[in-house]
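Chemist: Here's the feature list from Swiss-Prot:
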type	residues	note
DOMAIN	28-222	domain 'RNase H type-2'
BINDING	ASP34, GLU35, ASP128	divalent metal cation binding site
Amino acid sequence: MLTPPRTVVRRDGGLYALERALQRRGFRHVAGADEAGRGACAGPLVAAAAVLPEGRRGEIDGLADSKLLTPASRERVYAEVVARALAYAVVVIPAAEVDLRGLHVCNLAAMRRALASLATAPEYVLTDGFGVDGLDVPGLAVWKGDRVAACVAAASVLAKVTRDRIMVELDTTFPGYGFAEHKGYITAEHSAALRERGPCPEHRFSYVNVATVSGRRGAPPRARRPLVVGLDEPMERSGAVEGTVGVALGERPWAAVSVGNDVAMEGGM
């Protein structure tokens, strides 16, 4: 295994500086991983990983942290990442799985599965914010990594666009909550709809605001969801909504499945 680099890279060196430094040290395939939906109280948690080509082939015009891009810009950059990445993978974790296993456990498992699903095996991994254990290659957790590493920014766009598309679908299936607008995050409109309608199956009952309106605030976090499936039972059997990982490739959407038995959307050059 190659020795991790000791090169000092300035945070203001540009979006590609960190990957270029790693590649100069011999790590040709640098993967970035990020997620979308941690702070939402409804909808899935989505993790993505991406490996961009070396040099100018890996430079994508307008690439940035997905949160800094307009919806139209995200869609354009998403298409560029899908077309030009050496490899990419997206994993979708349903809200019920987040309730059963816990947010951080699902976050780590989803990022780990996305990285393991890459068609091009990474030689070094960059993650946004916190490290991911259980990898066979060296890695680095980078604070605000989606703003300083191109591969992490690419992963953030993949995760964000995939999740936003799912929330638009859920808005049709569960009208009245405004999912297409706020994407499952807490807003005044969302809170008012929760109080008026109560939660739907796509809400995260382990979150205090959802548990409160459902009348289950006093129950332990993992016991708040009314219908609990077994940990080893695929989530498609629990009535989870279809419309997750395959849609971005123009394929028929697949049902969301559990961390232990998930299906990743894979692709690349």
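FYI, residue positions are counted from 1 along the chain as it appears here.
Cβ coordinates come from backbone N, Cα and C, glycine included.
A description of the local structural setting of each listed feature is requested, covering burial, neighbours and distances.
Modeler: Around ASP34 (divalent metal cation binding site), a 10 Å sphere centred on its CB holds 30 further CB atoms from the protein chains shown. In the three-state DSSP scheme, ASP34 (divalent metal cation binding site) falls into the strand class.
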